[in-house]
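**Student:** Not my notes, these are from Swiss-Prot:
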- His15, Asp171, Gly172, Lys173, Lys248, Phe249, Asp257, Arg263, Lys264, Ala280, Lys284: ATP binding site (BINDING)
- Asp17: Mg(2+) binding site (BINDING)
- Glu43: K(+) binding site (BINDING)
- Glu56, Gln100, Asp257, Lys288: L-methionine binding site (BINDING)
- 100-110: region 'Flexible loop' (REGION)
Amino acid sequence: MSDFIFTSESVTEGHPDKICDQISDAVLDALLSEDPESRVACETVVNTGLCLLTGEITSRAKLDYIKLVRKVIKEIGYEGSKAGGFDSNSCAVLVALDEQSPDISQGVNEADDINEDLENNTGAGDQGIMFGYACDETPELMPLPISLAHRLAIQLAKVRHEKVLDYLLPDGKTQVSIDYKKGVPVSINTILISTQHTAEIDGITNEEEIRQKIKEDLWINVVLPATEDLEIKPSNQKTRFLVNPTGKFVVGGPQGDAGLTGRKIIVDTYGGYARHGGGAFSGKDPTKVDRSAAYAARYVAKSIVKAKLAKKAEVQLSYAIGVAKPISILVETFGTGIISQDNLKELIKNNFDLRPAAIIKEFDLRNLPKKMGGEFFRKTASYGHFGRNDLNLPWERVEEKSAQLVEASKILL
């Protein structure tokens, strides 16, 4: 393996695209909490003073969409003097939702490979390809660049919410570049944080002085706490640390950029370290394999790495609309596997049920929003859907399945 630098980014919950993801998933949570059979494809658009809900929803649930949208925007932090042209109390909220197409509904409700097995009776909600990935670079079996980028973004939001740095505003981005030697991460090359802030900080109005103060504050209150338990830590001498490289970041959020659901799919997954099938997650109910099958693919890949059958594993699944069973399953271990990829593929087929209804049942995806107090999917809409130690995600719990793979693989070793 060659030496290289790999870079991944994350964004905070106040980023315009992430506002949209959270609103779409808050709608999904609310609908599933009241009607677990809801069919949801909810898209959100935000701009200065405007939030638009659109898409297709079929549900028995009755929902005050406008009230819910304002609640999410307020909780993110867009309210009052720091709203910046996008106040939760005064922004316009437009709702333009249709029902799910009966042609799609028919294929999902009654798969073409239907039989007495109930899990065969639910077809995939669309065609498509999904990837799952895991590697042994971090305890959560995620690539280090995206893992660290999320840590920084989470800590950045935390010090804002807790008013440790009360000049911070909701919009922000992080980016991390990691040095690899022979394919193994060895040091943090660069950390970049762009964070929205007030025009004046502690009486300081000079642009360069403000930037320098933010840089010093972020190193102490964001970078060091976010990395204190890592084996690979940033160094004042060796790690390049960039903050707001344009000089200032006062105008942000939807006032600075329009936002749209599903535009941060690489942030949501593996930071570009693994392939992506192109389908977004947020606002989609579990019958949409863009979401549920991507979770299942991660579950498979993580189980393989946890079982130490490979140091890296990437799993591709493909589906046809209205068909229950995957069209194809592919596994790649990049030369790190201890058994052949053909044998690994057979292990997957024999130990994982990857039909949509089986995935939904395995992870209890329809019922989790209600069980979690009305909020489950929204929590995944910021800071990644995978490797989340702060959330109890069923596709991340692989102890039992990895042990099963260890036993099943013994005859192949």
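Cβ atoms here come from the backbone N, Cα and C positions, even for glycine.
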**Student:** Sort the binding-site residues Glu43, Gln100, Lys248, Asp257, Lys264 by C-alpha distance from Asp17 (Mg(2+) binding site) and give me just the closest.
**Tutor:** Lys264
**Student:** Starting from the Cβ of the residue listed as 'K(+) binding site', draw a 10 Å sphere and report how many other Cβ atoms land inside it.
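**Tutor:** That number is 22.
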**Student:** Provide, as an integer number of angstrom, the distance between the C-alpha atoms of Asp257 (ATP binding site) and the residue listed as 'K(+) binding site'.
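**Tutor:** With the alpha carbons as reference points, the distance is 17 Å.
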**Student:** What is the nearest of the binding-site residues Glu43, Gln100, Lys288 to Lys264 (ATP binding site), using the Cα of each?
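**Tutor:** Of all the candidates listed, Glu43 is nearest in space.
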**Student:** Can you check how the pLDDT averages out over the region 'Flexible loop' (100-110)?
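**Tutor:** Taking every residue of the region 'Flexible loop' (100-110) together, the mean pLDDT is 58.
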**Student:** Using CB atoms and a 10 A radius, I'd like the single residue among the binding-site residues Asp17, Glu56, Asp257 with the highest neighbour count.
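**Tutor:** By the 10 Å Cβ neighbour count, Asp17 comes out on top.
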**Student:** Please give the greatest C-alpha separation between any two of the L-methionine-binding residues Glu56, Gln100, Asp257, Lys288, in angstrom, as a whole number.
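**Tutor:** Largest Cα to Cα distance for the L-methionine-binding set is 30 Å.
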**Student:** Under DSSP, is Lys288 (L-methionine binding site) part of a helix or a strand, or is it coil?
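**Tutor:** The three-state answer is coil.
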**Student:** Take the C-alpha atoms of Glu56 (L-methionine binding site) and Lys248 (ATP binding site) and report the distance between them in angstrom, rounded.
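**Tutor:** Distance (Cα to Cα, whole Å): 40 Å.
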**Student:** Rounding to the nearest whole angstrom, report the longest C-alpha distance spanning His15, Asp171, Gly172, Lys173, Lys248, Phe249, Asp257, Arg263, Lys264, Ala280, Lys284, listed for ATP.
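**Tutor:** So the maximum pairwise Cα distance among the ATP binders is 36 Å.
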**Student:** According to DSSP, which kind of secondary structure is Gly172 (ATP binding site) found in, if we only use helix, strand and coil?
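**Tutor:** Looking at the DSSP assignment, Gly172 (ATP binding site) belongs to a strand.
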**Student:** List, in sequence order, the same-chain residues at least six positions removed whose CB sits under 8 Å from that of Gly172 (ATP binding site)?
**Tutor:** Val11, Thr12, Gly14, His15, Ala153, Leu156, Ala157, Ile193, Ser194, Thr195, Gln196, Gly252
**Student:** Roughly how many angstrom lie between the C-alpha atoms of the residue listed as 'K(+) binding site' and Lys284 (ATP binding site)?
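**Tutor:** Spelling it out, the Cα of the residue listed as 'K(+) binding site' and the Cα of Lys284 (ATP binding site) are 9 Å apart.
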